[in-house]
Structures are given as C-alpha cells and as structure tokens.
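Enquirer: Dropping the structure in here first, questions after.
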Amino acid sequence: MNPADSPDRSTPVPTTSRTVLTGSDIERVLTRIAHEIIEANKGTEDLVLLGIPTRGYPLAQRLGQRIAAADPDVKVDELVGQLDVTMYRDDLRHGTSRTPAPTRIPGGGLDDKVVVLVDDVLYSGRTIRAALDALADIGRPKTVRLAVLVDRGHRELPIRADHVGKNLPTATSEKVKVRLAELDALDGEPVNEVVIEDHA
Amino acid sequence: MKHLLSTYDLGREDAVRILDVAEEMATVGTREIKKLPALRGRTVATLFFEDSTRTRISFEAAAKRLSADVINFAAKGSSVSKGESLKDTAQTLEAIGAEAVVIRHGASGAAARLAETDWISSAVVNAGDGTHEHPTQALLDAFTLRQHWARVKGVDPLGTGLDGMSVVIVGDVLHSRVARSNLWLLKTLGADVTFVAPPTLLPIGADAWPCTINYDLDDALAAGPDAVMMLRVQAERMNAAYFPSTAEYSRRWGFDDARLAMLDARGLDDTIILHPGPMNRGLEISAGAADSPRAVVLQQVSNGVAVRMAVLYLLLSGDH
Amino acid sequence: MTSTAATETHLIRGASLLGGEPTDLLLADGRIAAVGDAAAADERAQQATVVDADGLIALPGMVDLHTHLREPGREDAETVETGTRAAALGGFTAVHAMANSNPVADTAGVVEQVWSLGRRSGWVDVRPVGAVTVGLAGERLSELGAMAESRAAVRVFSDDGICVHDPVLMRRALEYVKSFDGVVAQHAQEPRLTEGAQMNEGTVSAVLGLPGWPAVAEESIIARDVLLAEHVDSRLHVCHVSTAGSVDIIRWAKSRGINVTAEVTPHHLLLTDEKARTYNPVYKVNPPLRREKDVMALREALADGTIDIIGTDHAPHPTEAKECEWAQAAMGMTGLETALSVVQHTMIETGMMTWADFARVTSTTPAEIGLVADQGRPLAVGEPANITLVDADARWTVDPEAMATMGRNSPFSGLELPGRVRATFFHGTATVLDGELNTPRTAGEWA
C-alpha cells in the first residue's frame, strides 16, 4: 500500500502558474470571514469550528484565533476541532488507499451547536457531502454552516458555502493550490498563498 | 497491499500505517454510532476451518463496523467435512460475492495458497494458519504495546514504532503462530524480543531468529522487560513429552503470583502482561496475574477489532 | 522368427561417444554392429536409416533404479505405458518400477503383471521392484524368493516410501536376498522422528511453521543399516540420499569395505528447502529438499563416487493431489524427463563430472546394482544397442504440460535447463527420434 499523498503521485510541471491570493490577502480574507461568522451567529455562543483535513484544519485554527481575539471568553481549543471525512468519501475504491486523519471534537460535543465546517477549496461539493454524513454519526448540531477560503465553482452536488474568501472562476484543467505556512514550504521557507496552475 | 498473509513480509512503513489507521478506527468504538460507511456494499467472507469464535467475531465486528456484509463459513458440518477442497470452497465464496476472504486454517501456508494461486482474485487475510502466522493478532498486540509505550514516553502514538521497548514472550513457541508473527512484527517496529520456553518447545532453527532465547523465566523477568506476553500452552503437549507435567511447567514457565510479586518488588510499575487468549488460568498464568492491573488482555480484545478494521479497510479501498 | 521392425537398422553418423571424438555407429539386429569407419563400410549400412548425430553425444541408455509407474492401482496418476514413454523421452532404456502400487508388488503375480505390461508397452525395460514386506506393512517378509524366480526375475527389493525400520526385519531381509544375489534398497526414514513431517527441519521450517523432517532421521537409519550389512555381509542400497551427514556415513562405510551403494535424485542436486517458502506443494517430496550445504555435499559425493548413481524417484501425482494445502498434498515430483538436464546442469556444467562419469552414474552402475542384463553396457561392437543421443548444447524451458508423463508435478517448471535427448535406441529400436517419441519395440522382438 502507498501512503495517500506519496511523492510518487507525481503532478506534471504546470505550464502556467499565477497567484490569486497572497499571504496578506489570506490574512485579510480570514479576518473578514471570522467577523461574518460572529455576525451570522450573533456572537460566539454554541459555536464550533471543524476544519476538514488537511488544510481546512489550520484555516479553522486561524479563524478560531481571530474569534477568540474578538471575544475574551472564547478559548481556541474549546472552539476548534477537526473532522476527518475519509471513511465517508464516495471514491474510496479508486486511487490509492487513503489514510484517515484524526477527528477531534471539542469537549462540549456537537449536539445543539452551531457547527461551521472549514475547508480550503470548495469544488465538486463531494467532500462537504462526506463531511455532513460524518457529522451526523457524531452528533446532532442545531445548524451547520460552511466556510471556505476559495470557491472555484463546478459543483456536482446541491451544496453552497455560507462564507467564501474568494470566488475564483476556473477551468477544470486548472488546479487550485492552497499553501499554508503550518504545512507548506517553498525552498525551505514557510509560505502562504493560493495559486492557479494550468496543466492544459 | 493486496493481501495480509504474514508479518514476516510486512515493512515498517506499512505496519505503522496499519497501526495509525487502527488508532482512528479505535475512536469509532467509543462513539455512540459505532459504524463507518467505508465498506458499504462490500462483502467479507470469514472462512474458518478451525474453531475460533473469538477471532471470527472480532473480524465480523470489524467488517460490520465498516458497513460491509459478512458471510460466515465454518468448515465443520459443511461440505468441507465431506471432502471439498480448499480451492472449491474459496471459489464458492467468491461466486457468492466475497471480495475479501478471512481464512483460519489448520495447515501452515493455507492463506498463502489462496493468495498465490489463481483460484480466486479476492483479497486474502490470514486469520491464523497452522503453526505459521497470525498477523492480525500480532498487529493488535503491537497496537496495545504501542499505546502503552507512547503513554510511558508521553508521546502521541501516531507514526511511532516500538523502538527501545523490550518484550518477553513466554511459552510454546514451537506450535505458536502468535509467537512467530509477533517476533517479526515487533522486531520490524524496533522492539527487542526475548523468547522464554522449555527447549522442547522452541523450533530447531530458532537460533537464527532475531531474538534472545532464554530458558529461565525469572532471569528474563529480572532484566526488567516492558511487557511480558504469555502464550497459551496446551496440556496435551505433556503427552508428547514436551514437558513432564503441567505442574512442572507452571512452576518453571508460568506467570504465577510469586513472579507478579517480583515485578512489584523490583518497582517495575510499567511492565504490562499480555495474553492472546483464551487463557489457561493456573497453567501459564495465575488468576492473580490475569486479573492484575498489569494485564491488558481485554484491551487486546477491543484493539483487535480496530486493527482488523484497519486491515480490511486498507485491503478493500483503493485500486488493486 | 523375425518381424519387420526387428531388422530395423540405423547408421548413426558423427556421434561423440561419451563426449569423445565424433564417430559412426551401425545398429543392426538389436546390437551395435560396427563402430567407426567400419560402420558406413558395412553392407548393412546400405539399407540403414541414417541418423545425423553431428554435435550429439552418444551415451549408453540410462537406467533408473527408482521409478514410480503407479500401475496397478493408480492409473489416474501414471500407467506403465505413459511412464515408460516419459522414460524413453528422458533417455532411459530401463526403469525399476517401485513396489508401492495397489495391490503392492509383494507377490510373483503382481511383479509379473508389471513386467508384462512393460513388455507390452515396449518403450524401455521395466524391471519390477519387489516389496520387502507384505503390503509394505513392515511386519513380515514378502515372498522374496518367488519374486526373484518369477519371469520378472526381481533383484531389487524395497518398501520405498516407507522405511523397513524394524532392525530385525531389516537384518533378515538383507540376509535372505543373498541367496539370489538380491539387494535391499532402503528408504531411510526413522518413523517416530518424522511423524507428521512436512519439510526439512531447520531455519526455514522454523519460520514456516511446518513440522520438520530432521536429517538425523535419515542418517540414523543409514548408520544402522550399513552396520547391519557389514554384520551379515550383505549388499545394501540406500535410496535418495539427501543429507551431508548421510554422505559422511556412507563414505565411512565404504572405507570399511561395507558393500553399500547409494543413489541421489536430480532434485536433491539442485533444489533446497528455500523452495518451501512458496508453500507450493510441487516442492513437497520425501525425503524433503534440504539445505544448500547438503546439496553441495551430495554433488561432491556423486562426483567422488561415494554416491554411486542417479535415481529419479519419478513420482507422478494427479493435479488434485498437489492443488491443495501443503500439509494435505502428496509427496513426490516427476523426474524422468528432466533427469539428464538437471544432472548436466549441476554436475557437468559445474565441471564436477564428465559425460563418461554421467554414463557411469546413470547407466553402468545402476545396471550393475539391479543386475539388469543387456543394460549399462559399453558402446562397443557386439553390445546391445541401448543408446541415447544427447544435444548437450540445446537449452529448453521445462513445461510440465508438454511432458509425456501424466504427472504435472515437476519442480523444474519454468526453469531453463541444458541438454535434450534427440534419440533413444532400445535394443536397436528407435523409441525416440528427433526428440519425439518414435516407435516402441514390438512384442515379436522380445523373443
């Protein structure tokens, strides 16, 4: 078996690559989304942010830090968790076997909470479908909302985001790469950016 | 990974991955809804030529928690007892729709035969073949050991092995598939393994194994192992002159109350006791040891489900 | 009385006798009529079928002291007809049919039946082996004398597959066969030490969890038997020697002047117990495949004469007997059609033996041990025309499906080996020509 993200899953060298969000763009966008979340929830009560691995989790962390900064009663580790959706995916029979990541639910559980799912890119909507199924096996939130850094369109399911960092019209031949300093580095330097690579 | 036949051929990366996936599977067992949809619509067959209710229900629970359908085939009272061959039985199961065959068989190599012939194309999981291997038992033992070792070291078990851990395995190594599977896997994960047994119950050729062999249990315990695994000893072995009497066996190689007290006296507070079950209380392990807080026998059982979930998931997901 | 085939005449051109200089051979009336320039000059050469043997080696027809033909009783595994076809294709002109048929060859009636089946087939001499004990049960002697005096004229007696483990019975058998110059061929296997045994006991069996067949179970019986043979001053033959320790004991026995001969199978000269790691029962055989060290000791012993002969232990089995778990599988391998190639590969290509040595261990000495008239003779004028022509430079890939034996259980399947039999002459009849079965010797020729 091969690890899900083994290096041999090689991507061809992109013919073009353009930056659509810089590090500071990402910061600004996240600050806005954090405020939108508080606004929509009319405060921070019953709020839980669940990041979807891999890059949804650091984004949820960053949003959590902003919300905690706005409300001194909120502690990030009681607000932010991680929701792994691997076992709920509809493509498990294809590609290499995927290794599930841990699911971590903040101590208060999910029943009657307002859960905000956080992911980096919204595309077909299938990951979010899996996430909704995963949520249902863990608890029964009052409301589930969705926050994404980038919505690149091409939905295959009736799913929409409540909070969008940037709407990004793309071609299906293009790849949207989100790089976050918590996980990614270029030439040894941590990097924050969203780029579009064209493999056409 | 197409099949799981032995730990002899299992590399460290794959072994750690199975244990890591099992960590996630274990959390499902603590939820209210103990089920994942990962293998919905898939069919797992258990093909048991030997009675082993424990192993069979562990695999069955694992498959069901992953939403797979399970077909149980017990050879006793079936066409097999009327002379049907392994090939015909396996092909019948596949014709019914089995995509993974979990096989327990009295003949060493039976699982390998199913996997390496063109009889069937299903994934094959060895659930114990003769005196050869029992890889999922070793994986659940390693999982139990790793959780303990991580706790002792104060680290997250994910991604780790058993580096630096010392494990003593005691008993009928000659006839034990559990001992063989554990030796290879624990060595691969970085543990030091010591076998303690009467010389009659060690195979010729074991001197070439990557372990220490000691005939003296007290001597091995005095070295302060991190875990002691007691193997089941069948009293019938006495009749074949492997040892003179069960009393002499327990005195020399049983984990009795005196040896339990010895661990306490030496301050070996972090030494745990494992047993693959079913235990012969009073033979290889005393009731006092089996019921002591050091014994992790029931954790082994529940970890068995998580490990088998991980194995079935990894075998049945992805392209093959 | 002569039939048309009996006058079959062949002029073999340019064959290298035992690997020597090319020469011609004229075969007529079942004998070697002329050798060298005299062959083509002989007037009978005018009517002869010419066999171009340029680049081929001429050897005396091979004699197998250890063949399982399965008939009577297991005709689903092999028959005398199919087994002897395989033998002819493998370069043999005589085989010894082991006694473990059903019924067991323990009476004059059964051995005569096998003998006459062999005559009827006409591909090779079939020499029945008589069972030492009734039903191979190891309890009382068979009527050894009746079998010796029968038309089959049995001289080799063996319970092969089962050891004559009772020391008193073994002693009596060794003594009794002296009255007709017979020989007891022992399958050396101490039964208690090998209960349930599946493979060589050692580092590989330890890993595989298969019950071990220890070398000592063979060696202890051989040690006992050579001392018994010395004590009663009898001839002893040891079947399929498989361990380095056995070689040491036999070497010691010969140095003491004990009248012991020994055989080794081609598979024990090439394969080791590492093969068992596949759990493929095609590698399950008795005695089992041993360690590399044993293989090397066996090769040396064959080269230095400690081991006298090659015996194939050809043991065909129906597919279902091997298409199962290792422990359930039957023991044995086919060997008639691969023996020459395996021996060439292990002994000649390694420089340990010459083709003259090959002739000694595959023809001359086995014929002497079995007291087979007209076999194992020199390639000289007046001798019976039992000859094998070999293309030593050919290479081929073993395909059990293409074999004449009914058994598909060749452990050499897929292996590329040197040496192909191009022709076999059995009392002058070309049983094999151009590497294919040609014609058997017809009944009329046996007169």
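Cβ atoms are placed via backbone N, Cα and C, with glycine included.
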Enquirer: Taking C:His187, C:His231, C:His267 as the options, which does TrEMBL list with C:Asp160, C:His240 at the Zn(2+) 2 site?
Expert: C:His187
Enquirer: Looking at TrEMBL, C:His66, C:His68, C:Asp160 are annotated for Zn(2+) 1. Which of C:Asp313, C:Asp357, C:Asp374 sits in that same site?
Expert: C:Asp313
Enquirer: By CA distance, which of the binding-site residues (C:His66, C:His68, C:Asp160, C:His187, C:His240) lies nearest to C:His317 (substrate binding site)?
Expert: C:His68
Enquirer: Quick check: of the recorded positions listed here (C:His68, C:Arg70, C:Asp160, C:Asp313), which one has the Cα closest to that of C:His187 (Zn(2+) 2 binding site)?
Expert: C:Asp160
Enquirer: What other residues of the same chain, not counting C:Asp160, C:His187, C:His240, have a CB atom within 8 A of the CB centroid of the Zn(2+) 2 site?
Expert: C:His66, C:Met98, C:Ser158, C:Gly161, C:Ala185, C:Gln186, C:Ala188, C:Gln189, C:Cys239, C:Asn286, C:Pro287, C:Asp313
Enquirer: Please give me the recorded positions out of C:His66, C:Arg70, C:Asn100, C:Asp313 that lie within 10 Å of C:His240 (Zn(2+) 2 binding site), comparing Cα atoms only.
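Expert: Within 10 Å of C:His240 (Zn(2+) 2 binding site): C:His66, C:Asp313.
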Enquirer: Within 10 Å of C:Asp313 (active site) (Cα to Cα), which of the binding-site residues C:His66, C:His68, C:Arg70, C:Asn100 do you find?
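Expert: The binding-site residues close to C:Asp313 (active site) (Cα within 10 Å), listed in sequence order, are C:His66, C:His68.
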Enquirer: Just to confirm: which same-chain residues, 6+ apart in sequence, have a Cβ under 8 Å from the Cβ of C:His66 (Zn(2+) 1 binding site)?
Expert: C:His96, C:Met98, C:Asp160, C:Ala185, C:Cys239, C:His240, C:Glu263, C:Thr265, C:Gly311, C:Thr312, C:Asp313, C:His314
Enquirer: For the recorded positions C:Asp160, C:Asp313, which one has the sparsest Cβ surroundings, going by other Cβ atoms within 10 Å?
Expert: C:Asp160
Enquirer: Averaged over the whole of the domain 'Dihydroorotase catalytic' (C:57-244), what is the pLDDT?
Expert: 98
